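This report refers to the structure that appears directly beneath it.
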Amino acid sequence: MLYCRQGFEKECAGEIQDKATQLEVYGFPRVFKNAGYVLFECYQDGDADKLARELDFNALIFARQMFAVAAEFTELPSEDRISPILAELGEIDAFPVCGDLRIETPDTNEAKELLKFCRKFTVPMRQALRGKGLLLAKENAKKPVFHLCFVASGHCFAGYSYSHNNSRFFMGIPRLKFPADAPSRSTLKLEEAFHVFIPREEWDTRLSSGMWAVDLGACPGGWTYQLVQRSMFVHCVDNGMMADSLMETGQIKHHMVDGFKFEPDRKNVTWLVCDMVEKPARVAHLMGEWLIKGWAKETIFNLKLPMKGRYDEVLQDIENLKTFLIENKVKFKLQAKHLYHDREEITVHIQVLSNISPH
């Protein structure tokens, strides 16, 4: 089972089909329009576990969470939902002992009405699972996570994910608060990208104060705000106006030029960020040029998706960018995700691993 953004089930299904085939796991996706999730039915026993274990979750763009489904319950009685779940799971020898329990719903308005019930149901379910030996007495972050996903009040999927290969967030969604002084809501996209792409223990070295950053298409400053909050200095590139609150920090330089033509005077930039409304292939190529020239060491950027053929466009743009970097002998790590705060776009992160002299 994979959670995704409502309306992106088709893209999520295409992706899991491709990735499963690469691992020689065969099956078919079951897609329900606007359901906020996709089910991938494996033909062979044990293959769902193989995917949960071996399919790199971070390599999936459109999935917010993935777990192996052990059982589906379609008509749980409202007076006792626990007993049928325990009875069925007790028969499954391969079900692992878990270290955490998450009772969730897909991210749709209809399903989210069940969240209040999910919260209430968590304590009795946790006690019952512990009593049955399916859940450890104490939480253990290294053990698998037990997932119970309710799509209706009597209909749920029970399964598990591996803690080294899942999203650590409930429902796969980081809970971020919009800062009152940020110039636009887009600020949450970059904050979420930091949470998703950069391990927390590396924030002090990779997102440290005193670094220089460039924000292409910066106005009014939603992404710049995140960099300024981390005490960086920022070249803001946009023909529009920046928020006064950011100008007053003394940490930004505003360049009123086209983002495609800007070149930093001093080549001391660590971070390049970009949220320009532009053709995705053009943005991806521009990011590649910056990295190849050694003008930035890390980048986070958005690729706006077309109305049709979204998955194909994403694959093509990322493949072209990877080829461009490899041909220019750049070693790199690339991740891409359809973030919670993204709409018709995906967010890409690239860290350059080569030592490139700016030129």
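Just so you know, glycine gets a Cβ as well, placed from its N, Cα and C.
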Review point. According to Swiss-Prot, SER186, CYS219, PRO220, GLY221, GLY222, ASP238, ASP258 bind S-adenosyl-L-methionine; which of ASP204, ASP275, ASP312, ASP317 is also listed for that site?
Key: ASP275
Revision key, fill the gap. The number of other Cβ atoms within 10 Å of the Cβ of ASP238 (S-adenosyl-L-methionine binding site), counted over all protein chains shown, is 22
Exercise for review: Count, for each of the binding-site residues PRO220, GLY222, the other C-beta atoms lying within 10 angstroms of its own C-beta, and report the residue with the smallest count.
Suggested key: PRO220
Review point. Just counting, how many other CB atoms are there within 10 A of the CB of LYS304 (active site, proton acceptor)?
Key: 17
Check your understanding: Cα-Cα separation of PRO220 (S-adenosyl-L-methionine binding site) and LYS304 (active site, proton acceptor), in Å?
Key -> 19
Check your understanding: By the DSSP assignment reduced to helix, strand and coil, which category contains GLY222 (S-adenosyl-L-methionine binding site)?
Key -> helix
